[in-house]
Amino acid sequence: MASRISTMKLLSLVLSSFVIVQIALAGDPDILSDFLVPNQNKVDGSFFTYTGMRVLVNQSTFPANFTILKASMVEFPALNGQSVSYAVLQYPASSLNPPHTHPRAAELLFLVDGSLEVGFVDTTNKLFTQSLQAGDMFIFPKGLVHYQYNANPNNPAIAISSFGSANAGTVSLPKTLFATNIDDTILAKSFKTDVSTIQALKAGLA
């Protein structure tokens, strides 16, 4: 009987460890085919081609505000099941990509032109920052709050980001907290301030 109990405990431990490992490795699920086709339509090479970035080639003026041009499975359905997506980020002088997270993937940023101040906060609330120059790369770990800021008052910056998910998702902290219907009193207590301050913040994001 004791031997049987020990065997069951060992089996339970092994199964628990397997579950933990699977959780740790969780990302986009593996697919059982070469690629996924919406509605089982017939496809040719055009299905695997995304032309949405062509606007950057002939762009005559730089955007006035921070701009993201994405190629995720939403814009580029062929990425579904391929565990990869892409974004081009354009930062006018003195512009900011506000604190946000990507819940389903890490972000690998390559700075093509200009300079950026970047940072992320880990789960111990430690802030990691770096000043980037053109040609530098920076990794933002999966799910952690991070930002990018073009501190240069005169020159724009351009970066390319890749993600280990076809749909990394973005949770913008300012919008999530102050542009949704979270009660003003809850936010005021959370930030140890008053309701009028919270309402002013919400008005600024309206």
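The backbone N, Cα and C atoms fix where each Cβ goes, glycine too.
Caution: TrEMBL annotation is automatic and unverified by curators.
TrEMBL annotations:
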type    : residues               : note
SIGNAL  : 1-26                   : signal peptide
DOMAIN  : 66-199                 : domain 'Cupin type-1'
BINDING : N97, H102, E107        : oxalate binding site
BINDING : H100, H102, E107, H146 : Mn(2+) binding site
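On the structure: features taken from TrEMBL.
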residue: N97; record: oxalate binding site; Cβ neighbours (10 Å): 22
residue: H100; record: Mn(2+) binding site; Cβ neighbours (10 Å): 19
residue: H102; record: oxalate binding site; Cβ neighbours (10 Å): 23
residue: E107; record: oxalate binding site; Cβ neighbours (10 Å): 25
residue: H146; record: Mn(2+) binding site; Cβ neighbours (10 Å): 21
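Averaged across the domain 'Cupin type-1' (66-199), pLDDT in this predicted model comes to 96. Within the domain 'Cupin type-1' (66-199), the DSSP-based counts of helix, strand and coil residues read 21 helix, 57 strand, 56 coil.
Looking at H100 (Mn(2+) binding site) and E107 (oxalate binding site), their Cα atoms lie 12 Å from each other.
Residues A87, H100, T101, L109, F140, H146, Q148, S161, F163, A168, T170 surround the recorded oxalate site, their Cβ atoms falling within 8 Å of the Cβ centroid of N97, H102, E107, which are themselves excluded. A Cβ within 8 Å of the Cβ centre of H100, H102, E107, H146, the residues given for Mn(2+), is found for these other residues of the same chain: T101, F120, F140, L144, V145, A168, T170. Geometry remark: N97 (oxalate binding site) versus H146 (Mn(2+) binding site), CA distance 9 Å. H102 (oxalate binding site) sits 9 Å from H146 (Mn(2+) binding site), taking the Cα positions as reference. Between the CA atoms of E107 (oxalate binding site) and H146 (Mn(2+) binding site) there is a gap of 10 Å.
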